[in-house]
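Engineer: This structure is in structure tokens; I'll ask about it shortly.
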């Protein structure tokens, strides 16, 4: 991919390290507006990168992240030199977000996109009770739990992994359905679903056992039902250095201990 320095927009999180990197790189390579850019370089952590991907989704712009945050699993290593060459050699990965359609106890309908996961969790000390349907067929009549989520391959190494869900290769046509602290059924540990599946969560006893939902950082309180599917139209493009590709990161993560 050929990328001139004058077609790069630099954006950063609010941390001191990220702002310093923004100032340094803008002075060195120039600064293009996001609207006119071919590539957006995101400086920060994984959370800021997800925000940048959401902001540029559907525009055709490519996002290249450099780590000025903490973990930076989705980020490339920060180096100020040779940036245009690194971007030109980068491997592009297409990410399809999830679409969440949530209905609240007041009858409000809220839709949002999630690159990582759509998660539901109990709002109070009461255990959540949730019915799970896949493609209009009830698969779990009642899940008693702290929460449950649907994760994309891109999000499988985040909240999903911390809840003991599976790590998915980015090109796997799968979604991870993962419970959080399940109580009953005791032996149910989740499922792998086709990325073409539509999943519906119905909250049982919503007044007694209120549940919140979130598509990444978009939170909806007191939901009665949540429907999730992979978006058929929205896409985002993430760039990785070829020697540190997404598949290599996923493989390495599975051997960490």
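Placement of Cβ uses the backbone N, Cα and C atoms for every residue, glycine included.
From Swiss-Prot, for reference:
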ACT_SITE  46  active site, proton acceptor
BINDING   46, 47, 116, 117, 146, 154, 157, 158, 159, 160, 161, 162  NAD(+) binding site
Engineer: Once the DSSP letters are reduced so that anything not helix or strand counts as coil, what is residue 161 (NAD(+) binding site)?
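Structural biologist: Where residue 161 (NAD(+) binding site) sits, the three-state DSSP reduction gives helix.
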Engineer: Between the Cα atoms of residue 161 (NAD(+) binding site) and residue 46 (active site, proton acceptor), what distance do you get, rounded to the nearest Å?
Structural biologist: 15
Engineer: How far is it from the residue listed as 'active site, proton acceptor' to residue 157 (NAD(+) binding site), counting Cα to Cα, in Å?
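Structural biologist: Each residue's Cα considered, the residue listed as 'active site, proton acceptor' and residue 157 (NAD(+) binding site) end up 11 Å apart.
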Engineer: Counting other Cβ atoms within 10 Å of each residue's Cβ, which of the binding-site residues 116, 157 comes out lowest?
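Structural biologist: Least crowded of the binding-site residues 116, 157, by Cβ count within 10 Å, is 157.
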Engineer: Just name the most isolated of the recorded positions 46, 146, going by other Cβ atoms within 10 Å of its Cβ.
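Structural biologist: So among 46, 146, the recorded positions given, the one with the fewest Cβ atoms within 10 Å is 146.
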